[in-house]
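Following: one structure in structure tokens, then a few remarks.
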Amino acid sequence: MLAFLLTLMLLLGIVIVLAYAERKVAAFMQDRMGPTEAGPYGSLQAVLDVLKLLQKEDIVPAAADKKLFKLAPILIFAAVFAGFAVIPFAPSIVPAGIGIGVFYLLAIISLDVVGLLMAGWGSNNKYAMLGAMRSVAQIVSYEIPAGLAILSAVMICQSLDFQEISYQQGALMNQFPGMEYDMNWLFGIRELGINTTTIGGITTWNIFRAPMLLVAFVIYFIASLAESNRAPFDIPEAESELVAGFHVEYSGFRFAVLFLAEYSMMVLVSLVAVVLFLGSWNTPLPNIGPVSLAYWTTGTVGELSGILWGVFWLLSKTFVLLFLQLQVRWTYPRLRVDQLMHLCWKVLTPIALGVVLLAGLWRLLMI
Amino acid sequence: MERTAVKHKTGFWDVVKSLGSGLSLTWSHFLKAGNRRTPEYVSDENYFKQKDGLVTLKYPYEAIPVPDNGRYRLHNEIDDCIVCDLCAKVCPVNCITIESVKATEDIGTTSDGTKKRLYAPTFDIDMAKCCYCGLCTTVCPTDCLTMTPVYDFSEVDIKNMVYHFTDLTPEQAEEKKQMFAKQQEEMAAAKAAALAARKSNK
Ligand code: SF4
Ligand code: SF4
């Protein structure tokens, strides 16, 4: 229960910051100023937006399928929020440390699609229906390259437990029960003879342990943009053609929940990318001889310092990815449906398959 | 100038390159967001030199000054107005309404020395109708009707777009009218008396 509340608070905080950052970043990239009125530099804008949404009338269209319409936002948010349960925030903090976290995450996020379809169908609106169809088609397609990219990371780590994957990517590896004698080698190859187990830092991140995971990371990042319906893959909610896609009929609190779910999805996919590829809560600074930067910036596991450093590194890496998501949105034009499907099925999926194969071979070298 | 067709480049590395150049473009704008355009007049040296940074201004708090010789909101300096009605006559959209009352006494001169002989109980300009042609300012003999560099004067209620320039209260206007009527009466009486006197002299 406590974990639930804490995660919810943390998530709300991040989403509010993100919504504000989105407007400011967009404005700066377009040589505008963004919100300036509410609070210093407009920083209260996102909070006030939420307050405004909560005060609005909750309209349910007369011709809508009332049950589906009302249930959809809750289902969508619940699906996304449930994904946070398995994300390790620090060496000793994970809301629910289950052994098959990665599998659970992929499964629970797929529920999102059902919610989107419910929202689109329940609204009884052409635009909503079209948006929902596109969204479902897109998410289902992009789950394949994303899943393959995740699979290659899982193959390298030999684990479906996010916490175990996290421990493997840092200098604390030998503190994880069951991995006391495991070792990290530079690029994962023992023959190079460079032992990075105690060096930690960036050298033990997954993208360095197995360089082909860098490709997997890029694939995952692209696919995750599509899964969270972000530009340039935002045809499901293309403002200029579909008004707002599946949530065109929603207002007030229900819209706020959908909005929250959308931004939570962005945060979640970034968190997963960080955990799987970018060293999770591990510091990027390596130990260099006597200058043990990695240990200094990791703290002690189980104590407050360890928690704070872990959360700090995890969130700062996540924010870098989130910033990239925002920048991509304000840089690239929207893809057509055929281009979208081309990219997914003819480019990303074959490359992802190749990466999976390579990851399997690499794993053999790593032993 | 001879034009050549732009060759469309496709291929993996060209796509990656163009994606990268897109990102670097937005990134460079993001980095320059610390600079802001300063609100200065077009004749200022700096005006065309501010190529980087945010271009928008916080409008109600800052604004780029407008040229003096533009067409903006009208203003009538009623003290200088001789109520000649020229502006109302020339206005192509009839948005100036003037009612005049002749003065019974000397009411002074305008700042350029023209003698004032009329009061204006009503001098209304309907800015919602005005097409800002500026004709009225051209014909005004005392140059009291001018355009001011104010362009932001939208109103919630359209009635507020009618500007009243008269300096008389309704009571004062009524008083002036009665004074004029009384004077007319007195003059008429005097005339009648003079006429009667002339008749009786015959
Ligand atoms: S500017 Fe033109 S339209 Fe406006 S009041 Fe003067 S004459 Fe009439
Ligand atoms: S033309 Fe000028 S002086 Fe004549 S009535 Fe109009 S504002 Fe007054």
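Placement of Cβ uses the backbone N, Cα and C atoms for every residue, glycine included.
For A:71-90, A:102-121, A:207-226, A:255-278, A:347-365, the entry in TrEMBL reads transmembrane segment.
Here the transmembrane segment (A:347-365) has long-range neighbours at 142, 144-145, 148-149, 151-153, 155-156, 158, 188-191, 210, 212-213, 215-216, 219, 222-223, meaning same-chain residues at least 6 beyond its ends whose C-beta is under 8 angstroms from one of its own. Here the transmembrane segment (A:207-226) has long-range neighbours at 138-139, 141-143, 145-146, 148-150, 152-153, 156, 168-169, 184, 186-188, 232-233, 269-270, 272-273, 276-278, 321, 324-325, 328, 340, 343-344, 348, 351-352, 355, 358-359, 362-363, 366, meaning same-chain residues at least 6 beyond its ends whose C-beta is under 8 angstroms from one of its own. Sequence-distant contacts of the transmembrane segment (A:102-121) (same chain, at least 6 residues past either end, Cβ-Cβ under 8 Å): 65, 68-69, 71-73, 75-76, 78-80, 82-83, 85-86, 128-133, 135-136, 139-140, 143, 147, 150, 154, 160-162, 165, 227, 236, 245-247, 250, 258, 261, 265, 268, 272, 276. Same-chain residues lying 6 or more positions outside the transmembrane segment (A:71-90) and placing a CB less than 8 Å from one of its CB atoms are 3, 7-8, 10-11, 96-98, 101-102, 104-105, 108-109, 111-112, 114-116, 118-119, 122, 162-163, 166, 250, 254-255, 257-258, 260-261, 264-265, 268, 271-272, 275, 280-281, 306-311, 314.
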